[in-house]
Protein chains: 2
Amino acid sequence: MSDVTAPGGTASGSPDSAELVMRAEKLDGEDELAAVRARFALDDDVVYLDGNSLGALPHHVPTRIADVIEREWGRLRIRSWEESGWWSAPERIGDRVGALVGASPGQVVVGDSTSVNVFKALVGAVRMAQAEDPRRIEVLVDAATFPTDGYLAESAARMTGCALHPVAAADMPAEIDHRTAAVLVNHVDYRTGRLNDLAVTTRAAHHWGAHAVWDLCHSAGALPVELDRHRVDFAVGCTYKYLNGGPGAPAYLYIRSDLQERFDSPLPGWNSHAEPFAMEPAYRPGEGITKARVGTPEILSLLALEAALEVWDDPAVTIERVRAKSLALTDFFLECVGALVPEGVVESATPLDHGRRGSQVSLRCAGAAGVMEELIARGVVGDFREPDVLRFGFTPLYTRFSDALRAARVLAEVIG
Amino acid sequence: MSDVTAPGGTASGSPDSAELVMRAEKLDGEDELAAVRARFALDDDVVYLDGNSLGALPHHVPTRIADVIEREWGRLRIRSWEESGWWSAPERIGDRVGALVGASPGQVVVGDSTSVNVFKALVGAVRMAQAEDPRRIEVLVDAATFPTDGYLAESAARMTGCALHPVAAADMPAEIDHRTAAVLVNHVDYRTGRLNDLAVTTRAAHHWGAHAVWDLCHSAGALPVELDRHRVDFAVGCTYKYLNGGPGAPAYLYIRSDLQERFDSPLPGWNSHAEPFAMEPAYRPGEGITKARVGTPEILSLLALEAALEVWDDPAVTIERVRAKSLALTDFFLECVGALVPEGVVESATPLDHGRRGSQVSLRCAGAAGVMEELIARGVVGDFREPDVLRFGFTPLYTRFSDALRAARVLAEVIG
């Protein structure tokens, strides 16, 4: 495999390429987040552009989890629910996630999968909207949504007596009306990387008395979300992408503080009870965001996430810097692809407009599945999404501009 | 703290006590499972009788999880979903759990919390029963149920248009009738340790065309369950008690194979889709038990459970031996309590009849919360349950007869 800085290979000897190598070096040299990469288990053999599917391992996580297993579980055993802070972990870690998505404390709880949280949020949203006006009988869902959101939205609609209507995210504001109980939109489209307008859609929902549920899977940790500022009602997201929480790390649910009182959970597990150990036969919801909990949290996965979030404690790691680098990386990758890949072979599905772009670049091409296999074989790890999308995720915490160039060069070799 | 084999202390010098010491030594000497204790992280300072809340750590789990984190996540990253078998883990581990609860392969899937699985099972059960006869509009729930089952049953009933009726588990067979859609019963009562009659109640449900949902939290890994033999419809359970899967280890759901085709999940997440990576907008359930999956599984917690289950691979560790030892342990503990604790101070809430007993002993006494605090301070770890219950769980894999005696002796010291 050719090194980015070395000449040779199909396109690397071209004048374009030499200039791009210098540009990559300069950008990496000026990168304020460059030092963060050393905190992750990465090697230079692979360009890992699949952090939007599974984030890389922060080096310090194994030590922390070894302590959780050997000391907290192994030696303290049951005492750890109190003494090691296991019981309060969902809210404590929720606040840490909240800080990364513009939520002040007490509004985010971590636990369950994104799918389960979509169900909780959407049923909760519909119940609230219908309590005010029972004529609100429609749920609108982002037509290009990641599938699980759509499947759960269908179930939530069915179980609350609503109809479900798929609507293009861009058209959502215009489609909401007095019949709308809730809308469910992906902040960043998983396939194209398009960033949807959270402020405008949320405002439109509120105008009609509907509630907006946002899926932040592809935006949390990659760009500023500003949930509080835009008065978002509900949000859900996973933590194993840009938050690097580990495989299947628990998801989270945000419920705006002034809505929590009215939140009526469809999954009122004992962990959400006002006094879980009173073992009361009748359900009495806990205060605040606690009422969005369900059952016993999966502690090992939960505490791996907590450890992973420590990367964000570094004052140099701000979401603004992450966003700036994300845009610079994706700009540069698109530029490299434009320079190195023959015209017309690939087409970007990702908006060029910064205001409409997440932290990935999706390129459409013929035979995309085979192309991605070959890229991976050559050490450039992205992923393939049906029907024809090469997806490259750029995690600003650990991706270098030289990685972006190398990915474009290998793509040119494979596809050119 | 007095050692079991040493004379001294309030009751240990009595003739009764000397004989009990010899009995404990003899029983431990004859115990076919005695060697299994060495596989667990336990020390002789503490008598751990809370394995029915959080099972002890098997020694080999930390090494396995270190490998999952450092190699599978850290180095293979996204490739591990296939190469490390992450994707198929819920069904693979489900089969291992199934083997311990009398379920042939393909009927158990691991994932989510018990609470979430109660919801899936109960909604699924009601939908099936109503599809045959819409007049089935009642759900019966074990009146003494662990609270979360009751809370989720209420939600499931509400969301399927049913009424919920709490019924004493013993009366359940007589209370089921043509209006019953589903019954939800705890196999072993968490508070009293009473073993409910799975065969009779399941048969009664079937007689009326209703479906039986069993909660196995306090029976799986402690006694033979025989799900297939009794044609149980659905079962759920946690894995962090007698299965020693770790704090908040994922729960499981059993759906009898001939019912799976008709199972209509209220939580149809993308992991349960026939082709998850086809990313189809329309939901198409997967084959078999896979359709009971929801979202992305919490891999670290899931694989810790898988490792923990290896303890059961030892041919010496059979559920029949576990059951025999469980009954012998609880018999012996009750005998020790009878001999050492002054009459009338405690009263057993646990049935003496072996056919009605789980693997715990629950003693009622005045000031139980304070008594348990003092027991724990003196190295005997059980737990307190409202309103007046001292709960002692006996995990046959690692609890010795000498532990039972020591617990009774310390109880006598504290309470006598």
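Keep in mind that glycine also has a Cβ here, set from the backbone N, Cα and C atoms.
Please treat TrEMBL annotations as automatic predictions, because they have not gone through curation.
Listed features, source TrEMBL:
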| type | residues | note |
| --- | --- | --- |
| BINDING | A:T114, A:S115, A:F146, A:P147, A:T148, A:D149, A:D215, A:H218, A:Y240, A:W270, A:T296 | pyridoxal 5'-phosphate binding site |
| MOD_RES | A:K241 | N6-(pyridoxal phosphate)lysine |
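Overlay of TrEMBL feature records on the structure.
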{"residue": "A:T114", "record": "pyridoxal 5'-phosphate binding site", "DSSP class": "helix"}
{"residue": "A:F146", "record": "pyridoxal 5'-phosphate binding site", "DSSP class": "coil"}
{"residue": "A:D215", "record": "pyridoxal 5'-phosphate binding site", "DSSP class": "strand"}
{"residue": "A:Y240", "record": "pyridoxal 5'-phosphate binding site", "DSSP class": "coil"}
{"residue": "A:T296", "record": "pyridoxal 5'-phosphate binding site", "DSSP class": "coil"}
May I ask for the distance between A:K241 (N6-(pyridoxal phosphate)lysine) and A:T296 (pyridoxal 5'-phosphate binding site), taken between their Cα atoms and rounded to an integer number of Å?
-> 23
The number of other Cβ atoms within 10 Å of the Cβ of A:T114 (pyridoxal 5'-phosphate binding site), counted over all protein chains shown, is 28
Chain B interface subset of recorded positions A:D215, A:Y240, A:K241, CB distance under 8 A, sequence order, none if empty, is A:Y240
Once near-sequence residues are set aside, which residues in the chain of A:D215 (pyridoxal 5'-phosphate binding site), 6 or more away, have Cβ atoms under 8 Å from its Cβ?
-> A:T114, A:V118, A:D142, A:T145, A:F146, A:D149, A:L184, A:V185, A:N186, A:H187, A:A235, A:V236, A:G237
Quick one, of the binding-site residues A:F146, A:Y240, which Cβ has the fewest other Cβ within 10 Å?
-> A:F146
Site of maximum Cβ density within 10 Å, from binding-site residues A:T148, A:T296 | A:T148
Widest Cα pair spacing in Å over the listed pyridoxal 5'-phosphate contacts A:T114, A:S115, A:F146, A:P147, A:T148, A:D149, A:D215, A:H218, A:Y240, A:W270, A:T296 is 31
